[in-house]
Amino acid sequence: MFPRQILVFAALGLCFALVAGATQVSGVRRWELRRRFSFEDSFYHPPSGWESASPGEVLASRKVDVSPASIFNLGINAYQLLYRTTGLTDGEATTSVTTVLVPYNYDKDKVMVSALYEDSFSSECAPSKQLKSGHFISQNVAVAYQSLFLTTLLHEGWVVTVPDHEGPQNAFGAGPLEGHAILDAVRATINYDRIGLGSNAKVTGYGYSGGAMALGWAASLHKSYASELNVVGWAMGGTVTRMADWLRYIDGTGGAGFAVAALGGISSVDNDLQWVQDNLTPLGKIVLEKSKHSCMYKNLLEEAYKRFISDTYFQGGSTFFENSGAMYALNKYNLGEDGSKVPSAPVFMFHARNDIVVPYAMAQATARSWCQQGAQIRFTTYAGVEMGHTSAGIASLPDVLHFLRDRFNGKQWGETCQYPVVLDPWFNLFNLGESYAEFVQQLLDLLGRRIGKDDHILMAKLKKQEVP
């Protein structure tokens with residue numbers, strides 16, 4: 001095992017060990033503690049008249065403590081913003097919340113939006129709830145371990161905004177809604193006076209798996225929905241780009257819980273698929289209700305290898321993929337087919353060729369389609385036999401960081417369409433050395449060290465009369 005892999009699992013092991021040791025406090029069991037923190041939070045309820053607010057307008061704000069792995073508070077300032085956004089279609093008002101992480105000595109001309117994957121149909125799994133101190137790692141392990149990478153981004157001096165991109169109805173898979181929520185989270189972050197970002201601040205975004213699906217929609221809608229944002233790059237990997245194909249592929253496999261969450265999420269906001277919930281069998285009602293209270297891993301464990309899209313769970317399920325109305329509805333969530341929805345900023349896409357959760361071919365086809373329509377795309381194939389969906393999500397992080405740095409620094413892009421193939425990013429010695437330091441840094445961050453650009457770097461820049 002390579003040193004960086006050891007550090008990754010050591011970091012995660014530390015998180016789990018510390019949390020496991022804290023699951024009983026004064027004789028109170030973990031489920032009892034969790035129940036105490038599941039009360040209704042009035043912050044999520046917008047004030048009267050909110051519907052008339054502009055997309056991205058801040059409706060409420062609060063300062064919060066964040067603990068990404070549910071262990072210690074991060075040494076940063078953090079705020080949560082309730083903001084107005086748009087649902088599936090233009091003019092459909094809704095709200096969401098973004099958690100804004102502000103490191104010390106931060107750059108006021110850079111903001112990075114991180115689309116963490118929830119991949120669930122439960123309100124308790126939203127990043128704003130999981131990042132806020134007081135929630136437990138057992139509720140949403142996915143958000144907890146993804147947030148370890150956030151400290152690396154914060155050490156760059158970037159403001160990082162983390163939206164609840166599924167919205168208040170937890171609409172996992174409802175791409176346009178999620179894209180709107182991401183773009184409006186950036187608007188809200190820039191609009192929030194307490195941070196003081198410039199109106200023309202450079203914007204980048206990153207998402208993997210379900211987060212990439214949401215980010216792909218943000219990239220596609222940027223030009224038509226939020227063209228005033230100075231977006232300089234998007235990074236996404238393991239991306240679902242054709243919803244019907246993915247549901248057909250994943251249902252009945254070990255990832256069947258994704259199908260439950262996605263169909264539940266989309267049908268909760270899309271009138272064209274409301275009939276799915278209206279026609280649930282008694283067993284289907286039980287499964288969907290459980291999904292409403294389960295984060296990703298719990299949902300996957302409980303629904304593994306079940307065929308949810310069948311008459312066993314809802315009437316019409318067995319002929320769902322032959323139903324023209326259902327296919328019309330799901331095809332609205334395909335990326336790369338609409339020439340009016342093409343990313344205008346450079347896009348770094350990456351995918352493991354042997355990904356068994358999200359088929360490689362669909363992501364590659366979308367990348368090529370975007371390229372043919374004038375987008376600037378780098379689609380990197382991780383071709384090593386050991387690279388799958390989970391390993392690619394971790395191994396790609398140094399490549400993602402380099403891309404984001406280059407975009408913020410204005411590095412020349414090169415050829416419009418690029419299709420590099422690498423066996424395995426683990427073998428990139430440049431990445432290996434940098435990552436070793438970064439993961440050690442992250443362990444220190446979890447122990448409460450102050451996070452931001454190091455003061456000696458700040459002083460050196462000031463001495464040279466450079467902008468910090």
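Along the chain as shown, the residues are counted starting at 1.
Just so you know, glycine gets a Cβ as well, placed from its N, Cα and C.
Here the structure is a predicted model, which means the values were calculated and not measured.
As written in Swiss-Prot, here are the features:
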type	residues	note
SIGNAL	1-21	signal peptide
DISULFID	Cys125-Cys295	disulfide bond
ACT_SITE	Ser209	active site, nucleophile
ACT_SITE	Asp355	active site
ACT_SITE	His389	active site
Rounded inter-Cα distance in Å - His389 (active site), Asp355 (active site): 5
Helix, strand or coil at His389 (active site) [DSSP, three-state]: helix
Nearest of the recorded positions (Cys125, Ser209, Cys295) to Asp355 (active site), judged by Cα-Cα distance: Ser209
Number of other Cβ atoms within 10 Å of the Cβ of the residue listed as 'active site, nucleophile' across all protein chains: 28
Distance [Cα-Cα, Å, rounded] between Cys125 (disulfide bond) and Ser209 (active site, nucleophile): 16
Cα-Cα distance linking Ser209 (active site, nucleophile) and Cys295 (disulfide bond), given in Å to the nearest integer: 15
